[in-house]
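Student: One structure, pasted below without further comment.
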Amino acid sequence: MTDQTLLAKARKARFDDLPNFSGHPSEDIEQFLKSIKNITKATEESNNHEILEIVRGKLNQSAGIWFDNNEANFKQWSDFETAFRNRYFSSTSTHKKFDTLKQRKQLPDEPITSFFDNIINLCREIDSNMSEKIIIQYLMSGINPDFRKELLRRESSINTLNEFLKYAKIEQDLHDTFGSLSLDSQQRHFNYNHPSIPPLTAAVNQPKQYYNTMKYNNPVSHSTQLQSSVSQRNSIPTLGNRTFMAPDRKQIRNYPPQSISQQKLSNSQPLS
């Protein structure tokens, strides 16, 4: 398979992934034109009609009708590009993108390369001739504050986008490395100071397990202990016969309740 065949297959795959353009106000015409030019390598002087046929393959609904009605006026790529912008360019789209650019911040888990590419893309769509110095300022404004502090120390040596990306990647690598080491150290410290505590259910079930084990291993002893325990709980202490001295020096005998009942019973019986 030749290099040209591989190149054609790669371009076709990119073309298939490119969304259609219908002319709806929400669609991004600059992104669409950029994608078409990247695939076809079209320039302002390109007069290959096949490029326009490729573009037509991605235009549908009202945009497709517009192209068919004006195709005769497109002698080269620049003719189509100018007419296409005049037709579908939104006067508010640039302002919206500029607001997005000013508010764009690097997300906590976002790789620096993803943030870097997104900022550059927004800057190029707003102004294709925007200088690298201005783009670096937008990158500095939105990057992770921890990285910004370190990059500001190197500001005098960051004059190009490649230099910015180089130092930003170094800062992210250091941040990720020492961040993971710090988490490991904190986890070990926590495990050392907070030994594992058995679950509450295990502590509650432990006496029950001991009870079942004793019952299984020695049922006779267990039954005897259980009966003894129940007998002790149900027993009522009895008072013995006690004698004490009253203040008048007479002896008073204290009978237990059972003896008193028997004495009353004997006294109530008639004399023979």
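Cβ coordinates come from backbone N, Cα and C, glycine included.
Feature table excerpt (TrEMBL):
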type     : residues : note
COMPBIAS : 221-241  : compositional bias 'Polar residues'
DOMAIN   : 62-145   : domain 'Retrotransposon gag'
REGION   : 221-249  : region 'Disordered'
Student: Could you pull the average pLDDT for the domain 'Retrotransposon gag' (62-145)?
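Tutor: The average pLDDT of the model in the domain 'Retrotransposon gag' (62-145) works out to 92.
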Student: Please count the residues of the domain 'Retrotransposon gag' (62-145) that DSSP assigns to helix (H, G, I), strand (E, B) and coil.
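Tutor: Residue counts in helix, strand and coil order: 62 helix, 0 strand, 22 coil.
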